[in-house]
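These notes are about the structure you will find just below.
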Amino acid sequence: METYTTDDALTLMGFGKFQALVLAYAGMGWVAEAMEVMLLSFLGPVVREEWNVSPQDESLLSSVVFAGMLIGACAWGFISDRYGRKTVLLLSTLLTSGLGLLSALSINYLCLLVLRFFVGIGVGSGHVFSSWFLEFVPAGNRGTWMVIFSFFWTIGTVLEASLAWAVLSALSWRWLLALSSLPCFLLLLFFRITPESPRYLCAQNRMTDASSFAYYGITLLTSQLSDVNRSCKSDLVFEVHQNNGNLYKDTFITSLAGLILSALLVDRFGRKATMSCLMFACCAFLGPLVLHQNELLTTTLLFGARACGTGATTTLCLYAPEVYPTYVRSTGVGIATAIGKIGGVICPLVAVGMLRSCHQMEAVLVFELVLFLAGVSCILFPVETKGREMD
């Protein structure tokens, strides 16, 4: 009897309408995650004024969310490999939507911190959405589709920045929290029609379920620099955004540039070379900002740094699921994601604490060191996954 792999089946059937629906659902998951993360840039300054929170305590808001994401990334990865991708999609969305909405009713800052911590745990499932989507995509054009998928993150950041610009001026931060949870409720609405990953089903020896699936087709840096410009006496410190209304345009343009970069490089030069080159390029763009620069040069350098950073992150989100076999994919990616969230916990202390204290040089040097080490790490990765089938 002739045998074939899941990749063989996916390649023969190509990318059709069904995968487009999977892309839309998983993409909405990333829109929801991006909005919850981007929300922190706008929430901190507002609650600081309302509850008279110190800059140090304000930075805790981002740190506790990323701490929750660290825990969630590990936990959801294990649950996904043990009980299925759909289980995680449902449970994490319930947690994020419910507590995200509830956090809008916070009575004090401590209550807000606790609720946003649990929202962070729910948001930590983002890597499961990307792994789930990639398990439906043929190997040949996986890189291109991952770049397209990553564009949903950009959509989420643009939506959140636009929402904050409209809501904070007319209503309050509580409305912003409530409205930011709406994408999660959309995920719950369409959950019934989502399929389980065929790779996961095959890995669990549930071949009948996998075959029935085939029947249906197979076919916190820039915003903080803005505030620093107004709070530090030096008029040379990172004058980038004159108001939050411009933030969504800057986010969209730089993210789009990063996606284009990764799309051009990832399937041509490989994952490792793309990641390392973009990391080093990001490092080079940030280098001159150790010293105060004029507004035009600062904006240009930050544009290049953010574009390269977005491209490197997009490539990494493709590379990580390709490295691990199906039966431990979500666990492996979850642990890797969790380690990355350590940076998310520490970063607010640098971006908020150091920059608000007007320590621009020290803050940039920290980012430079981390980016350089990340670029070297990419070179040392033992596996290149370009064109490789997912086990």
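Cβ coordinates are placed from backbone N, Cα and C, and glycine is handled just like the others.
Because the structure is a prediction, the values reported are computed rather than measured.
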In TrEMBL, which of 88-107, 208-227 is tagged transmembrane segment? 88-107
Under 8 Å Cβ-Cβ from the transmembrane segment (173-191), and at least six residues away from its ends along the same chain, one finds 25, 28-29, 31-32, 35-36, 39, 42-43, 46-47, 50, 86, 89-90, 93-94, 96-97, 100-101, 103-105, 156, 160, 163-164, 167
Taking a Cβ cut-off under 8 Å, which residues six or more beyond the ends of the transmembrane segment (20-40) line up next to it in the same chain? 61-62, 65, 89, 93, 96, 100, 119, 123, 125-126, 129-130, 132-133, 136, 145, 148-157, 159-161, 163-164, 176-177, 180, 183-184, 186-187, 190, 193-195, 220, 251, 348
For the transmembrane segment (146-167) and the transmembrane segment (303-321), decide whether they are in contact, meaning at least 3 CB pairs lie under 8 A, counting pairs 6 or more apart in sequence. yes
What residues in the same chain, six or more past the boundaries of the transmembrane segment (88-107), come closer than 8 Å to it by Cβ-Cβ distance? 29, 32, 36, 72, 76, 79-80, 115-116, 118-119, 121-125, 128-129, 132, 174-175, 177-178, 180-181, 184-185, 187-188, 191, 194, 330
Counting only residues 6 or more past its boundaries, what in the same chain has a CB within less than 8 Å of a CB in the transmembrane segment (113-134)? 22-23, 26-27, 29-30, 32-33, 36-37, 60-61, 64-77, 80, 85, 88-89, 92-97, 99-100, 102-103, 106, 142, 145-146, 149, 197, 317-318, 320-322, 329-330, 333-334, 337-338, 341, 390
May I ask for the residues of the chain that lie six or more residues beyond the transmembrane segment (272-291) and have a Cβ under 8 Å from a Cβ within it? 238, 261-262, 265-266, 297-298, 301-302, 304-305, 308-309, 311-312, 315-316, 319, 360-361, 364-365, 367-368, 371-372, 374-376, 378-379, 381, 384
